[in-house]
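K.L.:
Could you have a look at this structure, given as structure tokens, before my questions?
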Amino acid sequence: MALKALILNTTLRRSPSRSQTQGLIDKAVPLYEKEGIETEVVRVIDHDIEQEYWDDYDDWNAGEKARREDEWPWLLEKIREADILVIATPITLNMCTSAAHVILEKLNLMDELNGDTKQFPLYNKVAGLLMCGNEDGAHHVAGTVLNNLGRLGYSVPPNAAAYWLGPAGTGPGYIEGKGDRHFHTNKLIRFMVANTSHLARMLQETPYTTDLEACAQAAREESDDVFAIRVNVNTPAIRYKRFQKLGEVKVEESQLG
């Protein structure tokens with residue numbers, strides 16, 4: 001089965017405005033094609049992705065207001081279908097963009113386990129990162145974004161982040177600054193594409209067999225103070241129940257939010 005890569009351009013510039021980040025993406029796409037990987041690029045800001053979330057995304061209108069339809073279910077389906085997810089983000093204020101952060105927040109709600117594998121839905125998928133900016137911030141953004149994607153189930157290979165940084169102060173962007181001729185950036189893009197492609201092939205052949213339910217149960221039995229995740233396919237928000245091990249007496253129940 002052919003592997004698929006989805007690259008999310010999280011620039012804050014809508015089409016048809018020029019995106020410096022798209023310049024980095026344009027270097028990565030043909031490299032994925034050489035690897036035999038089908039690649040799709042989505043500019044997130046061009047689509048209606050609500051920042052708000054609901055306990056039950058499919059049926060939230062039990063309250064006073066009806067949920068306004070947005071395009072998150074459409075984008076989520078593309079993320080589910082992709083073997084490789086690459087977040088491509090400008091660096092703003094030493095961070096990823098708000099559009100990238102919304103994607104991470106939305107994915108953080110995907111806590112349901114696959115009934116067959118007993119794993120999170122993003123297991124056996126690979127994550128990569130492209131960053132574009134000036135001055136500093138690339139290592140900080142890589143650390144936070146890739147760590148969060150790994151916590152959500154993605155596998156992160158070595159050298160999974162590539163970036164271009166301009167000179168200190170205001171200066172030309174990736175396109176005007178001829179970032180496509182910059183050795184270190186070109187090297188890192190090739191590292192990222194090669195390693196995400198390699199790991200995706202490995203996981204297609206030999207996926208993880210970790211049973212998260214069994215691991216949680218074993219941990220529960222050896223622990224005195226247990227936070228057990230209540231998993232519900234139709235209610236993506238994570239709920240925690242805290243139990244006192246002695247007698248399994250329920251002492252607290254809360255919902256993140």
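Each Cβ is built from the backbone N, Cα and C atoms, and glycine gets one as well.
The shown structure was predicted, so the numbers you read here are calculated from the model rather than taken from an experiment.
The FMN binding site feature in Swiss-Prot is assigned to 11-13, 19-21, 91-94, 132-136, Tyr240. Sequence annotations record features per position, and here Swiss-Prot assigns site 'Important to position the amino-group donor glutamate' to Arg13.
Are these features on the surface or tucked inside, and what touches them?
P.N.:
When secondary structure is read from DSSP and collapsed to three states, Thr11 (FMN binding site) falls in the coil class.
Sequence-distant contacts of Arg13 (FMN binding site), defined by Cβ-Cβ distance under 8 angstroms and a gap of at least six in the same chain, are Ser19, Ile45.
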K.L.:
Which state, by DSSP, holds Gln20 (FMN binding site): helix, strand or coil?
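P.N.:
The three-state answer is helix.
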K.L.:
Just name the winner among Ile91, Leu93, Cys132 (the binding-site residues) by count of other CB atoms within 10 A of its CB.
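P.N.:
The largest 10 Å Cβ neighbour count belongs to Cys132.
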K.L.:
Excluding near sequence neighbours, so keeping only residues 6 or more apart in the same chain, what lies with its CB under 8 A of Thr11 (FMN binding site)?
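P.N.:
Residues satisfying the criterion: Ser19, Gln20, Thr21, Gln22, Arg43, Ile45, Ala88, Thr89, Pro90, Thr97, Ala99.
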K.L.:
Test of understanding: give the count of other CB atoms lying within 10 angstroms of the CB of Asn134 (FMN binding site).
P.N.:
20
K.L.:
Under a criterion of Cβ-Cβ distance under 8 Å and sequence separation of at least 6, what residues of the same chain contact Asp136 (FMN binding site)?
P.N.:
Asn94, Leu165
